[in-house]
Amino acid sequence: MFWHLVFLTLVGLLPGVSAISAGSDWEDFSNNLATDLAPLISLFGERLTKQFLSESTGLLDNIIFALSPLGILTALVSVIRVCGSPSLRALIGRAQEAPGEAENELLSCVSETTAELFNDGGISRVLGRPRILEVVVWEEPDPSGQGVCRRMGTLRDALLENAWVARKGQWILDEKGLLPELDIPNLSLNKGIKQRGPAWFYSAALLGVVLQTGPLVYAGLTVFLWPALFTDQGSFVQGYAFPLYVYGTVSLCTGMFLCAFMIERSSAQCHIYPAKPSKIYWLQPGRQKIGEQDFGAFLAVNEGPNSQATEDLTYIKSVQNVALKERGLLLLFTIFITITGFVLQFVSLRGLHPSVILANLGSMLVMSIVRTCLRVERIGSGGNSFCTEDKELISHKQQELDCFALHLEKVKYFRLMSSFVHESNRSRSGSWATGSSTQNSLQVPGLGSKLVQTRTQLAKLTSRGFRHSSMDWNDLPIRKIAQDLARTLGMTMDVVSTWKGNPSDFYSFELSFLCQYNHKSAGSALETYAIKLERLEDTLQWKVDANELEAVLGLWTLSLLKQDSKWLQNGLGRLVGLTKAEARSEAADLYFHKWIFRQREARMVSSKMIPFSEQIFGYYSDEYLGHKEILVVKTDNKLEVMAAQDIYIQFLMSILAGLKSIGGDVDILPRSQSDFYAQSTSLDVLVNCFESGNLGSREDALLCIVPVLRHRKLLPELAADSSSVRKRVQDLLSAGNWEGAFSIIQWLCERCEGEEFERSVYELGLLCQRAMLYRDAAIRTLGFQTVSSLLKSDIRAKKFSDLRSARPSDWMYSPDQRDWWVKFSNQLGWVAWHIANNRVDGNDTKKLLESWGYPKALSWQANLTYADSCIDQETAQKLLVGYLLPQIDIEFLEISQGGIEIEWEPFLEWVFQNGHSALTYWLLANCANISQDFPRMAMEAFFFAAKKGSDSAILTLCRHGADINALGLVEGCAALVKLVATNDKEGSEMLLVHGADVSKCTKENGYCALEYAAGQGNEEILLLLLQYGASIEQRDYAGFTALHIACKENRLNTAKLLIAKGADIETIAAGGRTPLISAATEGHLEVPELLLKKGARLNVIDKDGRTALIHAIRAGSEELVRLLLSYNAEVYHTDPFGRSPLELAKELGFPEIVKLLNEAM
């Protein structure tokens, strides 16, 4: 506006200049339009006036503004807008104007309604509370004494920590306290304008005085000194003109000063200085729209030379001051004197020589230029520390905070180690604490830890509750997912801590990462950072600091984006497993289809899809399309979600360490007619935590949780012989739905691995045998068709060869798997042939099997022997079939051959020796089935399995319902007791591990396993039984305890052990016998001596009226009698026949004992 007026003025002056050059006189020029318009120019200049007023911070600015003023109308309107009453504002059409609008345009302060933002061309003042973060970074001595440490906070924090102090204008803080405006940056005064030194302002003021007084002096000269030279149309200047001009000019300058003064004093300035070396940053996030204007990301800094912290900084905090708003009389006076001064000046100029008008106009124009030049140096786009690449990078996910943190710490990249090749790190096991958190350490944090702490602090500075709610940055994508992750971790911790039963209140797990400085010479080192969880006292729920998670997520994702923009894809892929090696394995494919698969199929892609070996997710690429190396599931998740899921996986790996089982029920549920899915109630609890925390879909949850459970050996066991599956299959068979039963077991066979696969296949073979023996021809046909399919190909290899996403040609059909399947099919074909051979209608089936090489394909290397007789293999095989078939007549379980009755145990031994695992399984399964009516079969089978050290055989019996505590027919004892009686520690422990009842007694005498171990002097087995909860005081039918038996058998070692474990040495059995009497009855010496040393009562009388001394005499033990007498045994007590010990010894003919007794009497 100002330059437009200058242009118009010059155009108006051209005719005058032409007239002068043509010899015209001043009278012609005085009639020119320019001389009439020149005084009116001072009324305008709105933009320049408002700009200067809004940047005025002191009295000197007011003086400069008042000298040779421009924008008189703007100044009057402005002072009314700022200080006027509603009535005055109504006169200028501003009655309904909000206070913030005038403040925004005219004052230097910021407030609840006014703020400042960076734009590419400088700084804009806006209404409202936009997002912009002002951060003060200061240095102070490190508490550990190792140099200095860096602190960071807002200006308010710096003042509270005495890192910055207020000097000039401190009364503002003293009067208002730490006012809210401290959180609103003053950008123009501190960064937007490069302030010139005081000398410039004093010089400008001096020049203004000269320029203002110059026209006055010049007018005086034209009137008083050379009036003849400056006539107007031949007449001298009017007498009134000069006094009015002087009065009008003084009045106008005074009024303009008052206008500037009142506006400037409507805001108060406080000058704040650092007391410690500091820097001050301003961070403005992008994507802000204020009105019609868009504001991009901006990072500015005030610092010392060479980017060092310094104490040579000044911060001007300008806030609103309402003191002058109540001075209405001063405002009216200002308006009056300003208008009066302008009118008088205007009228007087018409009466003075036209050259005075030009002089006045010239001084006004020069002074306007001077005022503008005082603050002409301003920040532009070059003041943005974010380069174009940075702005493009952070715009995708609004990661200004992350980029700022990297800038602060001078870090090039931050990469989380998602791989589990670093299993030795404590991050996989975590740590618990009860009283207080133990994470604080005097150890100097590494670069990565400092970076995370810096970013965490930035998150706190921009979080809800820390500042005005409108200035929270809580809609950042990274912050949202971090809060979701924190909520998920808390819910999961609530669940797992219940499983563990741990009373601790604090837990931490560690994340490993690599971090590198910007300069290439510095390498990167592996670091760890502890993420802490705390149980709240009021709700007892676990909570984690979401700001720390946000820091890790933000830094990691930004580093990935800096490495490759392909991470912006929505359809990122996740490995099936925790490492690339696992994703290459067949096992991963199996448990994926068993536990995880819902809708999205796992594909085999190139391992180069995952850019770093430490990660377990990646982006899809058009390159390497033909490579089939690792299993990956394509998701709909964005980068930040995938990163959060990775942290959840690492947390789960840590918290599940040491847990033995997740418990819960396991089952297989139908999804369609021929499709199912595995279900675990405990797994569902974890999945629900994941889903309710908004970390992803149910399939995402399973993809994250299941590999961790498998790695920790916590994945629930689910095979065809699991109790829930066997019940479901039996229900289907009872309902006549054989197809459904076959579908369930086949589904499991196709998806199980290891022993679960083998057992499921054995169960499928067992079901085939039952079907082939069924009365319904259709069911028999179904059974034979399934057998035929199994004999032709591996059930798993066939399943995965049909998948849409191609697998390698040998997938699920390795040499070892192929060899195993051949052995199994040979055994199944052998049984099928014998079933067909025993049926009248099985001739066709038998011929078909023979054409495939059955039953000759099954080899028998060992011979069946029984009672020192060897049975030929052909006969043995025929006899074996009777025990293998699931529906044999169980009335009599002995098969006669050559007059010898052969029981089933030799067949089990024979099959086991020949290594026919499938036949062994089916024989044990039939044994478990038979044992429901003949329990002795279970006892014999468990005894056999334990003696052979076959854990799988014991499990097979247990899963098929055999009672591990069943009693034998002849021995009348459980398998555990029989093993203990034969001193088989390994076999005993094996049964105890699988739930054998340690207190089970023999049927004949009520002996328990502990008594057998004590009586045989087997300390190892005795300790083992006690470890598994054996009662040390358990009694047999005669009331004897294990200590009684140890004393009776003179087992000093087990007696000592039992006493050390708390056995009662005074316990009384049948007949009133104590352990001492039991030992004395047998005439032992060592155990009675032990009991007496332990304080056993010596003169206890049993129900027969005998003491330990009498029993020792009856046993003829001279040494025992001597021992008892040395402990003052009663020598006068008589037995039931009235004989004293001395008389008894004489009668029994023990002269040495008689002599001992005489000496003792």
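Here the Cβ of each residue, glycine as well, is placed from N, Cα and C on the backbone.
TrEMBL does not curate its annotations; it predicts them automatically.
According to TrEMBL, the features are:
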REPEAT    1005-1037  repeat 'ANK'
REPEAT    1038-1070  repeat 'ANK'
REPEAT    1071-1103  repeat 'ANK'
REPEAT    1104-1136  repeat 'ANK'
SIGNAL    1-19  signal peptide
TRANSMEM  63-84  transmembrane segment
TRANSMEM  199-224  transmembrane segment
TRANSMEM  244-263  transmembrane segment
TRANSMEM  329-349  transmembrane segment
At a C-beta cut-off of under 8 Å, are there same-chain residues at least 6 beyond the transmembrane segment (63-84) that contact it? List them, or none.
2, 41-46, 48-50, 52-53, 56, 91-92, 94, 97, 102-103, 105-107, 201, 204-205, 208-209, 211-212, 252-254, 256-260, 262-263, 266, 324-325, 327, 331, 334-335, 338-339, 342, 360, 363-364, 366-368, 370-371, 374
Could you give the residue numbers and ranges of same-chain residues that sit at least 6 residues beyond the transmembrane segment (199-224) on either side and whose C-beta is under 8 angstroms from one of its C-beta atoms?
60-61, 63-64, 67-68, 230, 237, 241-242, 245-246, 249, 253, 352-353, 355-356, 359-360, 363, 366-367, 370-371, 374
Confidence summary (mean pLDDT) of the repeat 'ANK' (1071-1103):
87
Can you count helix, strand and coil residues in the repeat 'ANK' (1005-1037) using DSSP?
16 helix, 1 strand, 16 coil
With DSSP helix as H/G/I and strand as E/B, how many residues of the repeat 'ANK' (1038-1070) fall in helix, strand and coil?
17 helix, 0 strand, 16 coil
By Cβ distance under 8 Å, which residues at least 6 away from the ends of the transmembrane segment (244-263) in the same chain are close to it?
53, 56, 59, 61-63, 65-67, 69, 72, 75-76, 78-79, 82-83, 106-107, 212, 215-216, 219, 324, 327, 330-331, 333-349, 351-352, 356
Mind tallying the repeat 'ANK' (1071-1103) by DSSP state, helix then strand then coil?
17 helix, 0 strand, 16 coil
List, by number or range, the same-chain residues at least 6 past the repeat 'ANK' (1071-1103) whose CB is under 8 A from its CB atoms?
1040-1041, 1043-1044, 1046-1052, 1055-1056, 1059, 1065, 1109, 1111-1112, 1114-1117, 1119-1120, 1123-1124, 1127-1130, 1133
When secondary structure is assigned with DSSP, how many helix, strand and coil residues does the repeat 'ANK' (1104-1136) contain?
16 helix, 0 strand, 17 coil
